[in-house]
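J.: Attaching a single structure in structure tokens format; questions to follow.
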């Protein structure tokens, strides 16, 4: 595509600007070919017209799309030019706070001028093993790339760090070396990596100084070679230095300082050891006060000197040498203060007794007169005579300063040489990585010889850099097999020739130095004459004849010729050197010992600064010829630079370009002018130019297809992605020169990616417009249809309403007519009926009125009586209730008052913790009291109920009486009616009654008035009482509510406090547990180092009579007998000190100190454990007493049985003894005679045997006959014919069998007797040998007793008593052991006899049964056939123990632990079988009460497990298998320990198997520690397996295809040292997790332990994923957040399937989940910020800000996070108290616990398979 097509409306361009260098603008009008200007709008809204050159018409640079801004690699930009580079660096530095950026192979580092938390060990671990393009740019990434290429390509590497002063070169080099020291380690125990790092503070102290641009500016160049062995571990280092700025020793500009070491010494002058230096403040010395800035803000020079001294000590420079160095440095300061005065115009003098010169002479050990003489004079030699010439004051002062510079240069070289010696090792170097920290291109107002040499070195380095970049580009094109076109790049060889070629600047300078009267002016004229007309790079200033200009690759530099010759010669007065050589100060003589071989005093001056590489042989440099020492500084610098270039060319270089963002050291402040100057000077823009000249953008076919799939049609998509990309690209870009197809990538010219992005954006924009159009149409149509439906509905309802109204009107009209008709008829009928009813009513009313009047009068009288009765009763009750209520109210008030007082007291008491304790203690009593009160109240309520029932009964009785009275009155009324006829007689009485009635009425009225008044008063009183009651109830409710609220608050407060205390205790417990387990791991590491040291000692030293090492002891003994082992270690180390010089004594001391601390820690923990187990010991003692009583009764019973058996045995022995005596009595003559006693004894025994044999024969015959009869009865029921014949045959057989059996019996008897004789003879011989052995032991014991007695007699009385007691205790212990062995033997004998007795009883039972069966008569009829009965043998009653011989212990350990294959055991046998077998063997040793056997078995087990884990520690199955078995062994020790806490779940049989003789609590702790170590090793093994899968599976792999679009980075991936093994996916991680889980389940690992392992697994996955997310800008996008959340949901689903949701694993992924949510939420408004702050509780502030800074839109529709929003987040999170650490600690291991898990498996049921080869074990 033509470039002109891109200059359309809304296209953004860069235009030059004076202040900002480049300014962004936007086209407001399309550009046409004939236009002479561009119409632009600036970012501030200003419209301008940009004029174009009418001849060239150079259009302004196009700006990259926003999606490409902030890229990690500048070469990934589509438009590669200066403004794009500058803007990208500014955005990353200012907005994202990122100081590192790639530019192809160059790492651009911008100095932030503030410390950043990106250099910790966690960051180093995160970059270790990663490819350079996979992580964000970092100095660690460059160091890792160099380290991997060294290991892969077997080629040495170099890291070239350059930049201006203050750009951060030294810091970058320091961090690179720290990275190598951290990731590689050292090949020996000498801590070489620490020494390499320790050289930094030394070199900074003597070679760095404060300048106007940098507080810690390196004033020399250095190249450090870090050596590695074949395993790529650091073995040593070597340092070369270049061009030390010696002039700084005697002169400093304003706001600058001398070298740091001088100020450190002055600041520490108050220390006692520095009194002899006679130093004071830095302002008191000329050499330290010229810059008028003796203090650096934020730097403590006293502490810095302490750091320097510690570094000297670590590098082997002892205190005496250090004080010598400080003396020389102090002497230089005193020499600078020596005041030289004018004697006359041609001579000078030093006043006598000058204090500073005296101090100088005392410090360096020279004569005061000699030094005073030669500071003011010089010696001139001619062919015949020697003259002494006085010097003017100015020349004498210059000579003094030259001497100071020369001494400092010698001291500098000496320190460098000794640092190199300390870093040299005897191990052969396999490869090295060099770190070059060298000055960048410099140009000042006045440039002299130093700037010339610096810029010359940068020219050489730039040439090497250009060639390397060109070479890499060429290799990339050839690798991809695309057409190679020559790229034109700047070659600075002419400039180099101008400087170093024949008749060049340096050559003419050396020639002028050789001239007798050479000067700077004559040299300048030679330069003008030689180069002014022949070389275009050389120019002469217009206004000067003593300067010249050279056009360097970066800029033009004007050099002043003044001082060039003097600095190139570098001369020092030879007589002054001779005075120093005659010094009594050894160190000073050592500094100048090489001067004898050189006529020029320059020697190894800092101009070369250790210019040649120091080798292992220290005097190799001394073999140089004197001619080489006569070389000038320029010549030496050229030679050393040539050597450096040869070294760099022989290595693979890596470049770091340091940029200084501003001149005012402001944090994160970017000055575009200064940045552009440095970018041009350091070669970054040249790299961009070379890249832009070719094909800078490179895409793989898959990346291109994924990104630009939207530009393809369905028919364009083929199965071959490569062919698809080719076809589509040919349609999209017509000019085929704009791209090339390689083997694996597509190469694009500059700007083509931006064009493709424009096409993609246009396509997406068109698609968005179409989607919007369709959606808006759908919404409008939906709105129209909704309105239309609403209108139709309204019409329908309106018309229906009108129709209903009409129908209603018609119905109403008809109804009105009907109503009128019927109403009129009704009115007439009603009127008639009213008249009729009125007449009848009047009659009826009149008639009834009289009757009602009479009846009402009687009724009124009766009711009045009833009313009076009820009223009076009511009044009485009201009075009673009122009184009762008042009394109750009064009681309530009094009780309330008392309750308030009591509440006040309770509140006061509730504030103390003691009250709660008393309250809790008395709570049970109060509950009992309340219960009794409730019972009493129940009784009172029952009594009240009874009273109420009685009152009801009395009321019912009274009502019955009233009813009877009413009946009587009714009868009287009837009588009155009957007597109405007597009216006349009663009229008078009636009148009286009327009068009484009137009186009564008046009284009634009076009573009614009183009752009304009383009622009103009562109602008023009741209302008042109700109001008062309501207020009291309200007050009561308020009080109850307040009490409840207070109690609830107190309860909540207590619950919170208890929860907080519980949480704090749990936290403290976990921390203590973690600390203890870390100590265990540290202890294990130290043990391994200790073993390595012992192996080294044993291999180098042969000691006669060497004792056994710890490998033959148990880990328990090694812990508790530490002191003796420690002493042995010290003895061995002292004995081997001269031989093992390679072992660092300081390391040994550190190890010993660390071991001592670990031992003290273990001892304190053990003391705590012992205190906790005292109660258990007491309970165990009580149980032992009871057990001993029961055991005593059993032993008595067994002793009785044993006595019986012994008595029988004695009888047999007695008989045997008689026979033996009789046989031996007359052995000579008549031993075999018939009448001899022996013959009689034998005959008697033979007769006894014959009688016994006859008895047995008869029993056999009887049984045989019975069997025959039974057989006949079974086969023939009635066959009894010819019995006599059958009997005769049987008797015949019987006689023949008797003869045969008698003969056999006699033979057996003879054999038995012979065997008994032989047995007795052997027994006798054994007894004789035993007696001899006992006699010998008695003799030895007697001699030992005599020796002890003689020793005791020599001791004092107290010691004699103690020794005798100790001896007696030992003797009793031995006797006790012997008796125990005898008792065990007797027990075994008893068991054998019992077994025999059981066998005999079984046989007797079988014989008795046979005789019973034989008693059946021969003629008896048997109805059923008799089947043969199979009597099963009773199984042996095993006790769950395994017996083995002591000599088989090694075989047991070998077969069961060392040679066991976990895979077969886990699949085919029960889980934990080795643990069960070991514990059963341990039980048998405990049963035998053999403490030595128990100890050796446990020791061998522990050591063997450690050995197999050390051998196969990287095999997950092996580690998991032994973790499971170690835990099971630990559980068995607890389960069968006899402790009640562990015996709750045991069966009665298992309780019988508990250990009876030994308490193995201490060994349980040792085995628990071993289990912790195995667990940690399991976690490490698991982490090594999971680590390569996590990033690829969780971040890089697209689990949801098509969601995360590929960003057009075009990043050139760096090569990896590891071949691509295939991409890991999330399924790979899940499969690996399944494998881990199934393996642990097969091995029988405890479920709780599996949960802890899974929790640790998920923590590692979450931590590694989050760390990589925080270090990878390309992963921080919205789509990647969705991928992460989906992957996390898959992990949660895995947990749910395995039933592990409660193990806490999900919580460990919370930081990762919140980071993924942070990528997806809105990030614009303050509400969004508040939501983010409340959501991201598991992330730290640094992590949240880092994610927001790294957030990168994948599409242009997304927006970046604004700086203001990030600042809002930081403001809201300011009050958080959290760690500033950015990355999660991937090495953190949760503290593990081993919950007790008893086994239900019975030990006696365990069978030992033959595959284990444990046939020597016997089940007991």
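Heads up, the Cβ atoms here are built off N, Cα and C, so glycines get one too.
What TrEMBL records for this protein is below:
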DOMAIN    8-60  domain 'Myosin N-terminal SH3-like'
DOMAIN    69-761  domain 'Myosin motor'
BINDING   163, 164, 165, 166, 167, 168, 169, 170  ATP binding site
REGION    597-631  region 'Disordered'
REGION    641-663  region 'Actin-binding'
COILED    913-1096  coiled coil
REGION    1096-1122  region 'Disordered'
COILED    1148-1222  coiled coil
COILED    1321-1403  coiled coil
DOMAIN    1499-1775  domain 'Dilute'
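Help me picture where these features are in the structure shown.
T.: Across the domain 'Myosin N-terminal SH3-like' (8-60), DSSP helix (H, G, I), strand (E, B) and coil residues number 0 helix, 24 strand, 29 coil.
For the domain 'Myosin motor' (69-761), the model gives a mean pLDDT of 83.
Long-range C-beta contacts of residue 168 (ATP binding site), restricted to its own chain and to partners at least six residues apart, with a cutoff below 8 Å, comprise 109, 111, 658, 660.
If one looks beyond the region 'Actin-binding' (641-663) by at least 6 residues along the same chain, the residues whose Cβ comes under 8 Å of a Cβ in the stretch are 89, 93, 103, 105-113, 139, 142, 145-146, 149, 153, 155-164, 166-169, 172, 176, 213, 223, 240, 242, 434, 436, 440, 456-457, 460-461, 464-465, 468, 611-613, 669-671, 674-675, 678-679, 682-684.
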J.: Hey, of the binding-site residues listed (163, 166), which one tops the CB count within 10 A?
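T.: Ranked by Cβ atoms within 10 Å, first place goes to 163.
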J.: Cβ neighbours within 10 Å, counted over all protein chains: which one of the binding-site residues 165, 170 has the most?
T.: 170
J.: Taking 8 Å from the centroid of the Cβ atoms of 163, 164, 165, 166, 167, 168, 169, 170 as the cut-off, which other residues in that chain fall inside it around the ATP site?
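T.: Output for this site, in sequence order: 111, 213, 214, 217, 218, 440, 658, 660.
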J.: Please spell out the DSSP helix, strand and coil residue counts for the region 'Actin-binding' (641-663).
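T.: Helix, strand, coil within the region 'Actin-binding' (641-663): 9 helix, 8 strand, 6 coil.
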J.: Give me the non-local Cβ neighbours of residue 169 (ATP binding site): same chain, 6+ apart in sequence, Cβ-Cβ under 8 Å, ordered along the sequence.
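T.: Residues satisfying the criterion: 161, 162, 163, 218, 437, 438, 439, 440, 658.
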J.: If one looks at the chain holding residue 167 (ATP binding site), which residues at least 6 apart in sequence have a CB under 8 angstroms from its CB?
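T.: For residue 167 (ATP binding site), the qualifying residues are 109, 111, 214, 440, 658, 659, 660, 678.
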J.: At a 10 Å cut-off from the C-beta of residue 164 (ATP binding site), count the other C-beta atoms across all protein chains.
T.: 25
